[in-house]
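So the structure is just underneath, and the comments pick up after that.
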Number of protein chains: 2
Amino acid sequence: MTLLGRWVWRVGTAGVGVVVGTALVKSGLHADDDAVSVASSVGMPVAHAQSTTTTPPARLPTLPYGFPDMGQLKHRPYHVISYNQALRIPNWVCETFDEETVKAGTTDRKHCPFKTDNSIHPYFQSVDSDYRGSGYDRGHLAAAANHRTSQEHMQSTFFFSNIAPQVGQGFNRDAWNQLEGYVRRLTKAYTHVHVCSGPLFLPTRTPDGRMMVSYEVIGKNRVAVPTHFFKVVVGKTPKGQLEIQSFIMPNKPIAAGQPLINFLVPLEDVERAAGVLFFEGIPNKYAYTYRKNGKLGGRFDKRDKT
Amino acid sequence: MTLLGRWVWRVGTAGVGVVVGTALVKSGLHADDDAVSVASSVGMPVAHAQSTTTTPPARLPTLPYGFPDMGQLKHRPYHVISYNQALRIPNWVCETFDEETVKAGTTDRKHCPFKTDNSIHPYFQSVDSDYRGSGYDRGHLAAAANHRTSQEHMQSTFFFSNIAPQVGQGFNRDAWNQLEGYVRRLTKAYTHVHVCSGPLFLPTRTPDGRMMVSYEVIGKNRVAVPTHFFKVVVGKTPKGQLEIQSFIMPNKPIAAGQPLINFLVPLEDVERAAGVLFFEGIPNKYAYTYRKNGKLGGRFDKRDKT
């Protein structure tokens, strides 16, 4: 066996206005042709580099033969993906959208085929055949319907790097879809909506009192099936205030008609389980909206149509 | 709930000769006082920054309120740790050592207490009480006995960021310990030895044909108990050639007297399971040593004393 198909690191600069230490150049892999610039139609500067990754340090004395990088960042229009190479699904996907970007136009998901993400090393990709016959849906983390400014932007959510196995009936097509719709409607109450979504692997207690995490892996590439999914939602009010809500839903059929408030959790619960602090740049002075008198709180309530 | 205890990012430069985009400054947390410079006694330049992490990009338009960082790099004497905040154990720990650094001297592990790693956010720490009464050993990833140049260097392997739950009898105290001893003895055949060690979570097939990953989590902090551990070993010959071997061992009692060759696996197996490419900086022209005629191959064989 030889060391074929490995990454080649070349030190360089990348990005506009983004501090990035090294650029990743793939050897023997397709370039990520479909990763396009972050559009600036919501008034944000274009400031990303194609195919950048969480920057590994340059040669360290203890690591003279390369940095064992755990994953890659994918910069796509209006969403960023942290990909988990071991689980073959995202760690998280963070989106930014507003009333304009979610508006139904001429874009149509029927013209969006799912695509293998060839910017990922073949060892760590998930592909269509992993899902076929598995019984699970190819569930979007960044929802296609949030990204309707162009067919190309919508297409960018169909890379398998944005997909995780979801229970179809009762979850992806129902409760989770309802949550996605709720978050989209928040664009009517907030000038910008920021959402981070991702998988969780939560333990259950066994009869002998031990806490066990148990999850299926599907397909030749052993794609992990999360036990739960989360969404952390930030709304920016017209006055510039920020309100936060967090949800955790089990990846299983959920009885119809349940209000979303049943899945509302403290942000801390998501953060401890995911191993990530979300929106840590939000100053403490901003109100944290969790639950007020059994209602969603803030401007969130009036958007829950269930 | 407020957003207390969160990280504060400050853009800055850090490190000597290392390209690092941002430096991590902790707010309300203890500085990592015990992280000291990588010593250069094996002829390598000192070139690291204290408390740096996998560099999150500066503010991205899609992430205006901070980067949800998945983990942290810990730079310790002769070893580097990639910590998994969700699992509360390392993703991997990579060590460099030679005949000098493994030589028994006046250092003694009896004087090395286990320590909470306060450079980790409290949400994601593992602590002594998580292990107490769990039935699992506090297993080192970078072995204490590899780092004997000073009591301080040995002590640096006793942070819980370098620890994972291991079965004691038959594994940590036996088969795994035997593997560690083997790797240490390689310093007699190679001028430098580089080792990456870490946990794996491998699936098993259920009676109905599904592939399931199942693992325990222990303690209040839900520290993950790996199903397996790996080691990837690189030896540098006096002529500068590099030889690689990879091992996977199940985290369970292993019958005594098994030769290490029973746990030898292709590097690719470790990489696919861990989601990481190891030693990718090693040029393809160097021989990859896996198994030759039922022997360990290269200079490895004569070191297997079992």
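The chain as shown is numbered from 1 upward.
Placement of Cβ uses the backbone N, Cα and C atoms for every residue, glycine included.
Pulled from TrEMBL, these are the features on record:
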| type | residues | note |
| --- | --- | --- |
| ACT_SITE | B:HIS140 | active site, proton acceptor |
| BINDING | B:ASN172 | Mg(2+) binding site |
| DOMAIN | B:75-285 | domain 'DNA/RNA non-specific endonuclease/pyrophosphatase/phosphodiesterase' |
| DOMAIN | B:76-285 | domain 'ENPP1-3/EXOG-like endonuclease/phosphodiesterase' |
B:HIS140 (active site, proton acceptor) in three-state DSSP notation: strand
- request: Determine the Cβ neighbour count for B:HIS140 (active site, proton acceptor): the number of other Cβ atoms within 10 Å of its Cβ.
  value: 23
Task: Using C-alpha atoms only, work out the spacing between the residue listed as 'Mg(2+) binding site' and the residue listed as 'active site, proton acceptor' and round it to an integer in Å.
output: 9
